[in-house]
Amino acid sequence: MTIAVGRAPQRGWFDVLDDWLKRDRFVFVGWSGILLLPTAYLAIGGWLTGTTFVTSWYTHGIASSYLEGCNFLTAAVSTPADAMGHSLLLLWGPEAQGDFVRWCQLGGLWAFVALHGAFALIGFMLRQFEIARLVGIRPYNAIAFSGPIAVFVSVFLMYPLGQSSWFFAPSFGVAAIFRFLLFLQGFHNWTLNPFHMMGVAGILGGALLCAIHGATVENTLFEDGEQANTFKAFEPTQEEETYSMVTANRFWSQIFGIAFSNKRWLHFFMLFVPVMGLWTSSIGIIGLALNLRAYDFVSQEIRAAEDPEFETFYTKNILLNEGLRAWMAPADQPHENFVFPEEVLPRGNAL
């Protein structure tokens, strides 16, 4: 009797690599990790290096590092000089010509952090897609994370691409972001933009929904433990519900006259509201990149100019924006050598 034993199929390098990447370990790597881990490491490392050592004297005329006396709130990795335009500012490019110190002085670290940070965020979203597929769940976490990605890409990349250079993007720092917000208000009247309004409604609405949902669940927990602390009565693998949806529905029906009766609709709504807020604000930022105007109530401006007794909150805000532009531009863009004659500077209600 003859027994034929077949040869084991040869495993290619791709299969071996796939198995290694998806191996069960403390920190999952996966195919997405090939993009996420190095880019996140370089982006964070670049930011720490810039805020610790690199000055902004040559790009913004200011100090921006711990080495120069800044603290955590005032240190930043500043945007490149306006003269750099939209150059990628590669270390080996024509601007720095391989000189690392010159590259830092020109703002090369900002481009480095921005581009690697964008790819790191995309890698993190792909990581959520990959793990969701392996675990066998739906990919709504990854879809939700597209909101922060849209905001980052629109604010840090799309907006300056629509302007004259990377210089007009936000620098990577706390006070630097605040300066950028003031800039958006003064030069674009951003708070009156309907996309900003939708973004605020989405983010604050999401926070409100989160608070309401958490409080309602805590209010309607089943009394299933003898201890004062109800947290210890919960087991992650328990089959029964931990709170009463029926009681929660009756509670909110009495308060508003209407309430969610479907947990799936409720949680989808909690996903939808903040993510739509992030998406709409990102669309608005792209509009600002193209210098699109939102609401201009010209009739009120004309009447306010003609009638000293007529004033609205809109006309007051327009005057504030003029003040921001007039006083901010010379300090924010010293390389332009702006000089505004005193007679054109705004004087409050006196117009």
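Residue numbers in this text run from 1 along the chain shown.
Any Cβ shown, glycine's included, is placed from N, Cα and C.
In Swiss-Prot, the transmembrane segment annotation falls on 277-293 of the listed ranges 22-38, 73-89, 277-293. Swiss-Prot assigns the feature transmembrane segment to one of the listed ranges (206-226, 227-247), namely 206-226. From the options 4-20, 123-139, 310-326, 327-343, the stretch Swiss-Prot describes as transmembrane segment is 123-139. Of the listed segments 39-59, 102-122, Swiss-Prot assigns transmembrane segment to 39-59.
The listed stretches are 123-139, 151-164, 206-226; of these, 123-139 has the most Cβ pairs under 8 Å to the transmembrane segment (39-59). Distant neighbours of the transmembrane segment (151-164): 79, 82, 85-86, 114, 117-118, 121, 170, 278, 281-283, 285-286, 288-291; these residues of the same chain sit at least 6 beyond its ends, with a Cβ under 8 Å from one of its Cβ atoms. Looking at His196 (chlorophyll a PD2 binding site) and Gln128 (pheophytin a binding site), their Cα atoms lie 28 Å from each other. Look at the binding-site residues His116, His267 and count other Cβ atoms within 10 Å of each Cβ; His267 has the fewest. The sparsest Cβ neighbourhood within 10 Å, among the listed binding-site residues (His196, His213), is found at His213.
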